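J.: Shown below is the structure under consideration.
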């Protein structure tokens, strides 16, 4: 009744607005959201499952909030330096490897190193944050443009900008941290030295985790958010491979180029953030990482479009089919047994489907096995098990069917 009243109100409103009298409505998704079709959801679930599996492997507990933060991993509490920070980088390394997005790098720096660098280069204290935000643009702008913004728009001296330019061009590993600790300028800043010592320790732990092949100490990394207090990091794709090695046609090469989207994960240490929201102002050391779900999904989706392989939209392991007419009840009885055994199975919703139609459906949907029932099979107490990919067929006794399906699908 209430629905009828609401519809009547909407129709009256349309009439007032001079509508032509049609009673059709346009459905729209809520602002900031979107719909996903089955193929997109299959890709999305793969991304989610990979990330969740990695988080759980590292002892994560789950919380749910109404905020749109889909996949964050955070470690809170008092721990020895750089151990949880190194684990966060290990997690990013694992996730990006498992998703197989292409070649990537994880850039690391430290806000204390940045602040110390600004100080020894002659940046006034009140310009630290604004200069930091300009340095953060180096992944999108040339150094010449960044320098121009520092000098012309932010009022920094050209000499200070040139000194910053020397440092932000540096990249390396533990060796760079050691070199900077001996640098005559950087060594004057206690803040920078503390950050550099932690970077050295971080790389020591990363070596034990076997991830230093993808991690680079990059002095240009700034991450503009003010709440970071120590180590910061960002994972970037250097080559998002959208096509398989077997298919390198020009049109696919264009698809590959279109999915190089840059940063796909980021985070760092934010020891002061929790205290800002705690009534007693308690300081809780925290470090975390956020995975760029939407960017990763976009890359995976475009890779799927460029790949000749079909994306499976279901997890069905077997189709229950019939070779003759009037076997609907037998099919329903068998599929019920499979469902009860925890097997993902499907059956056509027709009384007498053609066998060819059932087999073609399996090929299109990527269903690996078919259990075929016929009059002779029913007499013999067997089921003909067909492997869709090879078209191999073998008779399996009804009693052994469930164990045989599990053996073939769980291997």
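First residue shown is number 1, and so on along the chain.
Yeah, the Cβs are placed from backbone N, Cα and C, and that goes for glycine too.
TrEMBL does not curate its annotations; it predicts them automatically.
TrEMBL lists these features:
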| type | residues | note |
| --- | --- | --- |
| BINDING | 74, 223, 227, 228 | L-histidine binding site |
| DOMAIN | 85-296 | domain 'Class II Histidinyl-tRNA synthetase (HisRS)-like catalytic core' |
| DOMAIN | 317-407 | domain 'Anticodon-binding' |
J.: Starting from the Cβ of residue 223 (L-histidine binding site), draw a 10 Å sphere and report how many other Cβ atoms land inside it.
T.: 21
J.: My understanding is the cutoff is Cβ-Cβ under 8 Å with a sequence separation of 6 or more in the same chain; which residues meet that for residue 228 (L-histidine binding site)?
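T.: Listed in sequence order: 111, 268, 269, 270.
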J.: DSSP-wise, what's the residue breakdown of the domain 'Anticodon-binding' (317-407) into helix, strand and coil?
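T.: Tallied per class, the domain 'Anticodon-binding' (317-407) gives 40 helix, 24 strand, 27 coil.
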J.: So if I draw a 10 Å sphere around the Cβ of residue 227 (L-histidine binding site), how many other Cβ atoms end up inside it?
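T.: For residue 227 (L-histidine binding site), the count of other Cβ atoms within 10 Å is 14.
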J.: Return the maximum Cα to Cα distance in Å (whole number) over the record's L-histidine-binding residues: 74, 223, 227, 228.
T.: 17
J.: Helix, strand or coil: which one is residue 227 (L-histidine binding site) in, per DSSP?
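T.: It is coil.
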